[in-house]
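A short worksheet on the structure shown next.
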Amino acid sequence: MDQSTTQIYKRLISYVGAYRTVAIVAIIGMIGYSGMDALFIQLMKPFIDEGLNERNADVLKYAPFVVIALVIGRGVFNFMSSYCLSYVGSQVVRSLRQELFEHILHLPVSFHDKNSTGDLISKITFDTEQVQQAITKALLIVVREGAFVVFLLAVMFYTSWQLSLIFLVIIPLVAVIVTVVSKRFRHISKSIQSAMGQVTRSSEQMLSGHKVIHGFGGQNQEIDQFSKVNNHNRQQRIKMDATKALSVSIIQVLAASAMAVILWVVSMPSMIDTISSGDFVVLISSMMMLLRPLKQLANVNSDMQRGVSAAQSVFLILDEEVEKDTGTVSVDKVKGLIEVKNVTFKYPTKDEPVLNNLSLTIKAGESIALVGRSGSGKSTISNLLPRYYDLEAPSEILLDGIALHDYKLTDLRRQFALVSQQVVLFNDSIANNICYGLQREISQQELEKVAKQAHVWEFVKDLPEQLNTMVGENGVMLSGGQRQRIAIARAILKDAPILILDEATSALDTESEKLIQQALEALMKDKTSIVIAHRLSTIENSDRIYVIDNGSVIESGDHLSLLANNGTYSALCKMQFGEQG
């Protein structure tokens, strides 16, 4: 639902509550700064009328001291407002960015399926930075220049309320212009944020896929793609600047027109004798000085609308419902009995179900394998077990006789160790990647033991920093096989009662695969193991093999019995082993 600017700004200002005292000091500084400028104009009257016109040197000799005092006061108030407002703005943006980061971490996997990484990165980095513009620069100008306008109008009315009324005629016209332009700014600001998301997404795609781009000669394609989104971003910013320039020009023409009318009225014989030289100078100076704050107030509208639009996009993410954790059952370690009952499931972004009334049972400590062609639903089962997605009745998965949704999420996910074909490593040391998410302290000896079990130590021992070696972004400094061994070491260290091996040895050479297979067999002992594999040679020793096609189990049994059936599994074996032969 589209929220009004006022609602969004109120919600944004609520973040200032923790820094209320500093914010009040900033507001006092802004008002004081404007007061010094207005007071300087007002003091021109006695200096002109009593000092110059009456040739009174006693009045004029105070002028230098007054000017110095006003400039010093102005400087003090300027520092108060600028520093305190910058402090509040940076703290609010830090809090908002931290809250957004933490909230995204707790959103369900289905949310990430529907939102691109580039767009989310843009919200965390670019949009939150735009919010600071609404809090600091915009608020500074609105309060300080707004107060200056009020003070100048007060000076004008005190000097000549009749002439000041003429100037007030333009206020409703300015208000209409600001209202119309605000809607335009808000619309363009949303387009700018969307365009920046496209720029970030295109950049992220280029950086993460640079090897494929080089390998397939796709540089020109990526250049054209980025050029389009980059130019679209430029067009939106030009629209913003054009709207800003037009609105400022119109407001300045209106103000100048009002000033011209006042000068014409003052020139009339009936008026020329009613105001003194000092009154005239104060009045004209006030009107001239009004042009600056009116221009800045018109300009700041774009910054404010840009910040409000950015805040709205951030709040839309913050209003997304976090992953539901309705479970009440706590458990340290399960036995590992898994019962999949009549499961039909489709991904939120898909129209057709991936699993169709699928049922299977995995006994505690049993090693089972899931085989089938790509897209048959094997990996979906591994996504459902840790409850990355929720099932709808009557579909149900039980763990030790208890439905998955009855377990507390943290306790449930502690029961699974996943080694996937797509290994995710963080830009940290090998040791920290192996220990990722571990809730206990670990000794160097234990860490090295795990590294040796997973055959990580073989390529680490000769490195200068050994386990403290940095792996680079997503393990770019390592080979595919080395990354997979680190993932296996991570699973060994977690020591979960249920193992999910999704093509866990697919990136390994034959020699490494044999070594890892030995480590996995030792690891799988006394654990419930689910092996998803295309290479059937890795699953021959499984207690039970389930053949899945179109989301349903079409065959099950051990390796020898399935071969004897001469069914789908037998055909797959003949095809693979025939190719290998």
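Including glycine, each Cβ sits where the backbone N, Cα and C put it.
Swiss-Prot has this to say about the protein:
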TRANSMEM  21-41  transmembrane segment
DOMAIN    24-306  domain 'ABC transmembrane type-1'
TRANSMEM  65-85  transmembrane segment
TRANSMEM  138-158  transmembrane segment
TRANSMEM  161-181  transmembrane segment
TRANSMEM  246-266  transmembrane segment
TRANSMEM  271-291  transmembrane segment
DOMAIN    338-575  domain 'ABC transporter'
BINDING   Gly372, Arg373, Ser374, Gly375, Ser376, Gly377, Lys378, Ser379  ATP binding site
So, do the transmembrane segment (21-41) and the transmembrane segment (138-158) meet, by the test of 3 or more Cβ pairs under 8 Å (sequence gap 6 or more)?
-> yes
Spatial neighbours of the transmembrane segment (138-158) far in sequence, C-beta under 8 Å, 6+ residues away | 27, 30-31, 33-35, 37-38, 41-42, 81-82, 85, 89, 164, 167-168, 282-283, 286-287, 289-290, 292-294, 296-297, 299-300, 303-304, 307
When neighbour density is defined as the number of other C-beta atoms within 10 angstroms of a residue's C-beta, which of the binding-site residues Ser374, Ser376, Ser379 has the lowest density?
-> Ser374
Identify, among the binding-site residues Gly372, Gly375, Gly377, the residue whose Cβ has the fewest other Cβ atoms within 10 Å in this structure.
-> Gly375
Using all protein chains shown, find which of the binding-site residues Arg373, Lys378 scores highest when you count other CB atoms within 10 A of its CB.
-> Lys378
With the ATP site defined by Gly372, Arg373, Ser374, Gly375, Ser376, Gly377, Lys378, Ser379, which remaining residues of that chain have Cβ atoms positioned within 8 Å of the Cβ centroid?
-> Ile548, Asp549
Secondary-structure category, per DSSP, in which Ser379 (ATP binding site) falls | helix
